[in-house]
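Accompanying notes for the structure given below.
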Amino acid sequence: MAPVDWMHLLHQAFFGAVAAAGFGVLFNFGLKALAWCAAAGALALCVRTLGLDQHWSLEAASFVAAVSASICANLFRRPLGPRGNAVALAGCIPMVPGAFFGQAILGALAVTTPHPENAAVILTAIEYLLRVLFTLAAIGAGLAIPAYLLKHREF
Amino acid sequence: MTDDPVRLKHRELEKIAMAALRVARILVECGARVRVVHQGASLVARGLGVEPVGLRTGYASQEITVHSGGNTITRMMTIGPHGVNHRLDHAMRRLAVRVSKGGMTVEEVEAEIDHLVKTTPRHPLWLVSLAVGLACAAFGRLLGIDWLAFGPVFVGGGLGQALRMYLHRRGVNSYVLAAVIAFTAASIAGASARLAGSTTTNLAMMASILLLVPGVPATNAQTDIMDGYPSMGSARAVSVLMVMGFATCGVWLAEALLGVQ
């Protein structure tokens, strides 16, 4: 088991919390719910970072992080109420690989130039695109599976 | 004019169907999943004394068929731009639960919807811009931007969000808006990061447009498909791809302008 870099873990958790709370403001969460969004973001990034430190793939680490956020949102149903799923989702937003998608498209544009430099460009573009698709799917599945299994799907 | 009992019943049914559709439309526009939208509309319809026979929610319109006694009617309503508004979403859900308990008239429900749409609080523009700028900069740190690029991403993301709200209010097409915002935010972040001496200009440009990442529709798309609504799920997935495609065009233009590889 690889040793944990605590400073890096704290860094990721802190900026995960800030990003989740920032997106919470954009999504018009109330002030109390914003604190929960920040906590969900910190938890998700903590779990994902620990997974990546153990050399898991980004997809696997994102999946386990989303499952953790969803389970915690279900465990805290009493204070959170029906907004639990929304809070878990806001917490997972910092894990959405938007930058990879941009790089995949820009890579694809490089492939379509009259004289593409080398095959590595094509491979990188495909890698980024697949990574985006699989990571998004992993986050969606990770959020949904606990909610379905725990059957806390009240309106 | 004498009241025809059958026509009067149809008129009542119509009012109830339209009230249920209004709740459903607002829920969709606030970013709710289709299962929640249908639950909300059904609660309202049942609370007002009719049985919803069928509901269909598409990306741009939705329909409801309600039944009472011997009468059945179907009504349709268009849906406006999709967004995310958590507080209004939950205010509508609470209203639907209240209506389902009975004791409210259609007129009272309509008045309550109007009241909630007008009075549900929204964060002020400056706070949203500030928060989104900070979120982009934090996102950037997670992606690996250096500290010199933190400020530029914060400014680019924040100004991008302010411009987004301004253009949204002017009714600019959401995909065109994504390209314009991406170009503006990435240009500001890229140019400022370079001036600041950052070695992660490219990443800073990407981080500054992350305010456009449609995370909620992307996860809703999957959940809708899992819940048995593949047409809405697919429509949401396509809209996510379109937004990201247009946003990437904006970044590509900004990179060309700044000469960033």
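Numbers here mean position along the shown chain, with the first residue as 1.
Just so you know, glycine gets a Cβ as well, placed from its N, Cα and C.
Automated prediction, rather than curation, is the source of TrEMBL annotations.
According to TrEMBL, the protein carries these features:
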DOMAIN    B:20-257  domain 'Threonine/serine exporter-like N-terminal'
TRANSMEM  B:125-143  transmembrane segment
TRANSMEM  B:149-167  transmembrane segment
TRANSMEM  B:174-197  transmembrane segment
TRANSMEM  B:233-254  transmembrane segment
Positions on the same chain near the transmembrane segment (B:174-197), where near means CB under 8 A and six or more residues out:
81, 136, 145, 148-149, 151-153, 155-157, 159-161, 163-164, 167-168, 204-209, 211-212, 242-244, 246-251, 253-255, 257-258, 260
Average pLDDT across the domain 'Threonine/serine exporter-like N-terminal' (B:20-257)?
95
Same-chain residues near the transmembrane segment (B:125-143), Cβ under 8 Å, at least 6 residues beyond its ends:
149-151, 153-162, 165, 185, 203-204, 206-211
